[in-house]
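Noted in TrEMBL for the protein shown:
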- A:1-21: region 'Disordered' (REGION)
- A:7-16: compositional bias 'Polar residues' (COMPBIAS)
- A:75, A:98, A:99, A:131, A:132, A:151, A:229, A:230, A:231: S-adenosyl-L-methionine binding site (BINDING)
- A:154: active site (ACT_SITE)
């Protein structure tokens, strides 16, 4: 990071020190089905916290394991939500996961620049380039996360590409596995078709239940979904409509009986 | 450009080679061997081959998985023709046929024999309800399968039910083993993941359970392309022990050549007392026996049994739980540069047990063809012929190895090669023009 300051960086804005997006353009779509060639931790215990949160984890107490990542922004894009969450939850570790390497690079630089210009802040946020659809269990243990975000994911309109969607009935099993009982999954999109799809996937999954209107109102994070991300701001500028589905992971119980209870409660 | 096309077509030919498989009736009433699209079953009770009855004329492409049910009443076969066939082992008639959307890679039958599960090349596991198969309806019934879980676009290499039937375990080529609770009504899907067993650094190729009376729930063992066999507490997903069998096999069997990639484990079989595990390893002519200590939760190499006189590298192994015989098959389909396109060789090891004493040093031996149960008539039925030329073995071993590697190992391109491929991409082409 010191090195970073001393050398003038052409990809960064001279006034704010933040990276400029024009140098990190990437294609909007990436194929999640293709073979990955980036390194992936063998298991969650191999995930290097000292590398991602150097101010909070010194190499000596790496295996301490007392503090773990609790928020995951899947497909974090340019990282707008993470940056907002970082100051809203300064004591929670959070990570963005993004498949496009250039975009990941941008978020990485953005976080480093923010850490430099705001000492003591943004130390709880990091980003990793990975395919979350394939490798989520390599990063998080069972019940580790309290919040997962899926904001403005790729809609994949064609029916034959529906299996590329990041919210799907079978992938929800894995998200339910890494989420703690009571943990919340946030989804939002400006594509109605995808919004309906994501909602029905969650609605029909036996391990998730919808948050009530009151709960949505009381949750400060819900407001950020539209305002914090680059994609959300774009939609707002165009007066676009958004569709969100926000569900809670039902606490671990013996399988089978859980959904029946919530089903009765809702109807 | 041209060479990449060449390469692809070459690989296509190689992946068509399917290893021969073997399955033993749980009471050793019959032995089944599959090679290519051929399914051969030998009746050990009267010493003849069974005639299989299938209205649709059997499999049309390589069989990738065969298995008896726990009681032995059912037998299931499936493979590249996207068909799952369920056979009644009394009549050896195909009673159910299930159409899969993709090629089938693995199958499992629930312990109560109510459900058959199969996995396809896109990582989806399907379930079929069998229900009462004793019905007298002689017509073949086409069943429909329901997807219950999925590994995201990763080839599922093995599917296995836990000894208590509570869990279904899936292994994939992305180094993962997933343990899922098998629900009472699996047709609604298996959503609750018990654990992931993570630790392998290459594709996971095979799974087996070790359990005993003292450890009824048992432990899971897995073999992998990383040349290790690992012991897991599958309820928590924690790795208990790692046995580097590849390194050991190389030491004991070094022929001077240094392998660049460690040999993969191709199959595992554990004795019913959970004390002994047989491991088939690529490039090991013979079998490796591992000792499993369930109280200390360790796995160690007990001994290597070499096959004298021929290069016999088993592609699949099996046994009946009550009989101390280990059955091994080596073989491959579609060997192009060979007159006989199918090669099958069956060998049997006696003394495959560890209950009598702690030592197994002098008890195991490889049976001569005459001593094999069913004798030479069994070999004639299962192998197709009695004597096999020596060079066929090495060709088959090499073909099976390459096919497995092509199927399960991710292609690694050099940096330059990747750049060349990137330049070929449509969106990059325009940039170069600019």
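Glycine is no exception: its Cβ is also placed from the backbone N, Cα and C atoms.
Feature annotations (TrEMBL) mapped to structure.
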residue : record                               : Cβ neighbours (10 Å)
A:75    : S-adenosyl-L-methionine binding site : 22
A:99    : S-adenosyl-L-methionine binding site : 24
A:132   : S-adenosyl-L-methionine binding site : 26
A:154   : active site                          : 19
A:229   : S-adenosyl-L-methionine binding site : 25
A:231   : S-adenosyl-L-methionine binding site : 21
In which DSSP state, out of helix, strand and coil, do we find residue A:229 (S-adenosyl-L-methionine binding site)?
coil
Rounded to an integer, what is the Cα-Cα distance in Å between residue A:229 (S-adenosyl-L-methionine binding site) and the residue listed as 'active site'?
15
Chain B contacts among the recorded positions A:75, A:99, A:132, A:154, A:229, A:231 (Cβ under 8 Å):
none
How far apart, in Å, are the two Cα atoms that lie farthest from each other among A:75, A:98, A:99, A:131, A:132, A:151, A:229, A:230, A:231, the residues recorded as binding S-adenosyl-L-methionine?
21
Spatial neighbours of the residue listed as 'active site' among the binding-site residues A:75, A:99, A:132, A:231, defined as Cα within 10 A: which are they?
A:75
